[in-house]
Amino acid sequence: MKVSKLWLREWVNFSLTEQELAEQLTMAGLEVDAVNPVAGQFTHVIVAEVLNTKPHPDADKLTLCEVNINKDKPLKIVCGAANVRPGLRVALAMIGAHLPGGLQIKESKLRGELSQGMLCSATELGLAEHSEGIMELSDEAPIGMDLREYLALDDHVFDIDLTPNRADCFSILGVAREVAVLNKLPLIEQPIVTVAPAIDDGLRVNLIHSEACPRYCGRIIRNLNLEAKTPLWMAERLRRGGIRTLHPVVDVMNYVMLELGQPMHAFDLAKINGEINVRYSASGEQLELLDGQEVVLNDNVLVIADKEKPLAMAGIMGGANSAVQELTQHVFLESAYFNPVTIAGVARKYGLFSDSSQRFERGVDPCLQSKALERATELILSISGGEPGPVIESFDKKFLPGTVSFLFDTTKVKKLTGLSIPLNEMKNLLEGLGVVITKETNHFFEVTIPSHRVDLQQDADLVEEIIRLYGYDKLQAQPMQTSVQAGLISAKEKIATHVSSWFSAKGYHETISYSFVDPELQEALYPQKEFMELLNPISSELSQMRAGMWPGLIASMIYNSHRQQTAVKFFEIGVVFDLDGGQLKERSCIAGLLMGEQGNLNWSESARLFDFYDLKGDLQSLFASLKLNDVEFIQSSHHALHPGQSAQIVINGKHSGWIGVLHPRLSDAFDLDQDVVLFELNLESLINPTIPLYKPISKYPQIRRDLSFLVDRQISAMQIERVIRNTVKEDWLKSFDVFDVYMGKGIPEDKKSIAVAMTLQDDTRTLVDAEINLTISAIIKKLENEFSILLRE
């Protein structure tokens with residue numbers, strides 16, 4: 001929000017310097033980012049009048065001018081601007097003047113003709129970044145008057161960075177309220193004239209979706225003066241507020257928005273068919289906006305429409321077809337209250353930003369609409385003339401914000417801030433904000449909140465207001481006077497710490513990504529899930545809560561792979577959000593991925609790419625470190641994973657996660673030329689409820705037996721291992737490893753050869769060959785019965 005100091009002083013008569021005011025506002029929560037002069041440094045520039053002109057005899061693009069400066073005789077000026085003409089009042093830099101950039105004006109000859117000064121453009125005076133021709137001043141500008149005095153250029157603009165809760169300060173009036181209460185000064189109310197209608201014309205307004213727009217005010221003004229121009233004083237105030245001038249009616253709309261905080265819009269009445277309908281758009285409706293962009297609307301965009309078509313995106317931007325043009329003679333003015341939830345996020349979704357949307361999505365005063373409309377009418381009539389109709393107001397009281405009243409416990413100021421502030425001081429501060437105290441009982445105030453402070457809803461909000469107005473600098477540092485008891489670390493926190501350290505030691509890099517994700521990416525990875533949509537997203541690419549950890553990891557991986565990272569090893573621990581039947585449930589997860597080359601360049605071995613088994617091996621090592629023995633990798637299909645390289649992870653009989661290679665369809669979509677291997681696990685599934693017990697290492701010898709089987713291709717090593725573990729008695733099987741898998745020549749097409757190594761050992765004695773042979777025979781028989789496996793010699 002850009003605020004002119006001189007404009008602000010019309011509302012509250014303070015005597016602070018620019019630096020003092022900036023510090024005061026910043027300490028009160030309205031952070032001032034910059035304080036800038038409204039014009040460049042220049043001297044001896046006055047208002048002058050061009051009396052007559054004639055072409056330069058030796059230069060086609062130069063003009064000889066006689067200029068009146070209210071002295072005995074006119075000055076001779078050579079000018080190169082195309083818009084110089086007799087009768088024009090201009091900005092004249094006199095001989096000896098200093099202009100921005102260090103230019104000093106001297107008497108000189110241009111192509112042989114005397115020039116006793118310089119007619120200036122707005123750019124040359126530091127009043128605009130771009131301008132065409134010299135400045136054209138009002139016909140009423142006093143000849144000979146210093147330009148700085150005439151345009152009130154000894155002014156500064158405060159650039160205020162407002163927090164989202166302070167929508168009330170998006171206006172001169174709002175900031176003036178703050179300055180008044182901070183300095184205990186009265187607010188100079190600017191009277192708003194109620195304009196009597198001169199004609200009976202009006203438009204019917206239908207609030208079809210009144211929950212989104214519970215109040216809509218409008219007014220017709222006919223027979224505008226097409227020759228009218230925006231007065232210089234208004235154009236200057238708009239410039240200082242960061243808004244360029246367009247058309248007298250549009251400029252008034254923007255002026256009232258800066259002054260009072262109510263965004264408004266003007267329609268060309270001739271382009272409206274019959275009536276105004278405030279409704280949601282139909283999916284597929286199109287609208288060309290004021291900036292020339294054509295948008296295709298979905299079914300949740302609030303629009304202002306007539307009988308047949310949308311005219312504007314409500315609260316965001318008007319349509320080009322119904323915009324006020326140079327030849328517009330009849331207008332319809334709009335001043336409405338839109339529900340902030342309806343506007344929030346829509347502008348960002350369509351890549352739009354406007355001063356209106358910025359204000360509406362934070363919340364405007366729901367009682368301001370008719371006042372702003374009267375103020376705009378008054379200004380338009382004074383500039384462009386015209387015949388106003390009556391104010392048309394449609395509202396639905398059911399959806400208008402009600403008056404906020406509650407019982408404020410003043411003792412909470414001490415409890416929450418540690419400051420003892422007298423009750424009278426609290427009362428004065430609150431009343432300075434416009435809060436009405438209807439009753440005082442002991443330490444309680446019955447308060448009614450003013451309609452413009454939509455952010456004040458409870459005790460804590462009033463405590464914040466009191467302390468910021470009283471002064472944060474009065475908060476004294478005090479030692480904590482309480483007993484502090486160390487908290488307990490939960491099992492989930494312990495496992496998260498262990499797993500994070502374990503993966504870091506394995507060479508993985510931990511990532512931390514937003515819980516907000518790109519809807520397109522998430523729907524591609526989890527098409528079977530429901531997703532939680534954000535009402536007010538940071539951007540359209542971050543508009544859903546994540547239902548899994550993979551979107552963030554994949555986005556980080558793509559970012560790094562595009563920056564010549566040849567090996568990517570990432571993991572992330574975080575919370576995911578499951579939407580189940582409208583209920584939101586949070587789940588702690590860990591996920592990771594591998595992509596690229598395994599290991600560093602090494603003369604003794606060639607590099608290879610990460611594969612499924614690298615990640616599976618890391619997970620098996622993790623499970624071993626956590627003493628999780630009942631873990632299975634069961635081949636299964638997942639929409640985001642390769643059909644032949646994906647598996648469910650089952651821990652203690654419960655589905656706990658997934659592992660696999662990213663589906664080729666997705667790899668192609670992400671323009672990846674290498675496999676990406678991913679996993680995701682519920683963090684709680686890694687918590688081992690059993691307490692580890694000491695067990696001595698066996699001093700008896702281990703015995704290894706190798707077996708080679710011919711099996712059907714669809715049978716997994718996990719299935720074979722499960723049968724073997726169930727067959728071997730007691731705790732003899734210490735390890736089970738697959739050391740060879742072969743499919744090809746000499747093997748039937750529907751078969752494969754698997755060779756496994758088993759390590760057998762007893763903790764209390766030495767195993768003898770006879771009992772080992774019986775065990776091996778039992779294993780072979782069981783496998784033959786279960787899977788028709790054939791033992792290979």
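Including glycine, each Cβ sits where the backbone N, Cα and C put it.
Taken from Swiss-Prot as is:
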type	residues	note
BINDING	Asp455, Asp461, Glu464, Glu465	Mg(2+) binding site
DOMAIN	39-148	domain 'tRNA-binding'
DOMAIN	401-477	domain 'B5'
DOMAIN	698-792	domain 'FDX-ACB'
For the domain 'FDX-ACB' (698-792), the DSSP helix/strand/coil residue counts are 30 helix, 32 strand, 33 coil
Surrounding the recorded Mg(2+) site, with Cβ no more than 8 Å from the Cβ centroid of Asp455, Asp461, Glu464, Glu465 and those residues left out, we find Asn165, Arg453, Leu456, Ala460, Leu462, Val463
Mean pLDDT across the domain 'FDX-ACB' (698-792) comes out at 90
Glu464 (Mg(2+) binding site) falls, by three-state DSSP, under helix
Cβ atoms other than its own within 10 Å of the Cβ of Glu464 (Mg(2+) binding site), all chains, total 17
Listed in sequence order, the residues of the same chain lying six or more positions from Asp461 (Mg(2+) binding site) whose CB sits under 8 Å from its CB are Asp455
DSSP puts the residues of the domain 'B5' (401-477) at 32 helix, 16 strand, 29 coil
Students should find that the Cβ of Asp455 (Mg(2+) binding site) has, within 10 Å, a number of other Cβ atoms equal to 17
Here the 10 Å Cβ neighbour count for Glu465 (Mg(2+) binding site) comes out at 22
